[in-house]
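Below you'll find the structure, written out as structure tokens, and then a few comments.
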Amino acid sequence: MTADRRVGRGVLEGAKRVVVKIGSALLTNDGRGLDESAIGGWVDQMAELHRRGVEVVLVSSGSIAEGMVRLGWQTRPTAVHELQAAAAVGQSGLSQCYETHFARHHLRSAQVLLTHDDLSNRKRYLNARSALRTLVQLGVIPVINENDTVVTDEIRFGDNDTLGALVANLLEADALLILTDQEGLFDADPRHDPAARLIGEGQADDPLLDAVAGGGGALGRGGMATKLRAARLAARSGAVTAIASGRQPSVLTRLLEGESLGTLLHPDHAPLAARKRWLAGQLQVRGTLTLDAGAVNVLRSQGSSLLPVGVKRVQGTFRRGDMVVCVDEQGTRVAKGLINYSSVDAMQIVGQPSQRIAEILGYMEAPELIHRDNLVVI
Ligand SMILES: Nc1ncnc2c1ncn2[C@@H]1O[C@H](COP(=O)(O)OP(=O)(O)O)[C@@H](O)[C@H]1O
Ligand SMILES: N[C@@H](CCC(=O)OP(=O)(O)O)C(=O)O
């Protein structure tokens, strides 16, 4: 964590494209329906940023919470079909609310509902990217949410922090601004520990932060744990992440003026190429490969392909082309990538030199288990 906050904060002053994420805990005023006047205030700030030439993309939660209020439900349902119904009812209110407020500034907004599949299927990912880029070029503010009505638990992002980060990656935004109900990331959950202190600045990948970022409240989903993960994903395309209270007056404009508000998490490595970012953003992993120390070393230091000879164990059931995660012998995640062999075939060739693949399987798809172009070190 750096001492001189002005230096670090300067990065936000130069931001030209930002993704703003507004969470359920904040939007719904702790369960009392959409907080229209607060939403009006954030829209005013986004309109001001737009006027200053900053491209703004919004990821907004609130459909389920608003749907619950409209349906008269006191507690968040757990059944998927009820969540889907609440989202369908609430999303139209959410969209209408933004539309009305942006219209006060003569700005158009566009509702964009995305699912996990839209970002994991490469073709749909590229489609989503060009549609969003076009909206931004047209001066429209995209208002994005997860398409909760059609997703099931297995394929949902669940929290919009992750969605916000993937959108930041997709659009190569300079910053991800996460507005929530706390002043930022504290060294303990302030809801439970009144002595918790705000962390002003840090590196997104700092492993010490894992221990402090806890889960969320009743309405929000992920808490700080998913905000930290989002900051790490956003860092892959070079974006800085700010986590700040949406209740601070003029929070968005002040952040972009470089003021010390909330927590700023910096990327600490060079941005990944677009394809590697897409790989890094994949959340559904079908299997695990345990690598020996030599393979871990060449993956990390040389960015090599993964050969069967460096793999000690295969777990899970997967097909050729599925995403698998690679771990070292202590279980620490090293990389993930798209595998060239099914789990049945991979189990037979691991530990073997590539020249033996054809002899063992009767065919050889490729000499490597995962080609370096399809592999990202994490
Ligand atoms: N270290 C921490 N610092 C701040 N808040 C934390 C921390 N750990 C857990 N939290 C919780 O995270 C919550 C915010 O996340 P969440 O409820 O998911 O909100 P949102 O809907 O805005 O995403 C806070 O209300 C707080 O209780
Ligand atoms: N897509 C959901 C948002 C899920 C959610 O609450 O996320 P978050 O605000 O990140 O805790 C909705 O609109 O209700």
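Including glycine, each Cβ sits where the backbone N, Cα and C put it.
Annotation comment: TrEMBL describes K21, T180, D181 as ATP binding site. For K21 (ATP binding site), applying a Cβ distance below 8 Å and a minimum sequence separation of six or more within one chain yields L58, V59, S60, S61, N160, D161, L163, G164, L176, L177, I178, L179, A230.
Taken from TrEMBL, the feature substrate binding site applies to S61, D148, N160. When other Cβ atoms within 10 Å of the Cβ of S61 (substrate binding site) are tallied across all protein chains shown, the result is 28. Secondary structure at S61 (substrate binding site), as computed by DSSP, is coil.
Under the heading domain 'PUA', TrEMBL lists 287-370. Note on the domain 'PUA' (287-370): mean pLDDT across this stretch is 95.
Secondary structure at K21 (ATP binding site), as computed by DSSP, is strand.
Across the domain 'PUA' (287-370), DSSP assigns 28 helix, 24 strand, 32 coil. For the binding-site residues D148, D181, the largest tally of other C-beta atoms within 10 A is found at D148.
Summarising the substrate site geometry, the residues cited as binding it (S61, D148, N160) extend over a maximum Cα to Cα distance of 11 Å. Here the Cα atom of T180 (ATP binding site) is found 20 Å from that of D148 (substrate binding site). Annotated pair D148 (substrate binding site) and D181 (ATP binding site), C-alpha to C-alpha distance, rounded: 22 Å. Close contacts with ligand 2, defined as a Cβ under 6 Å from any of its atoms, occur at D148, N160 among the binding-site residues K21, D148, N160, D181.
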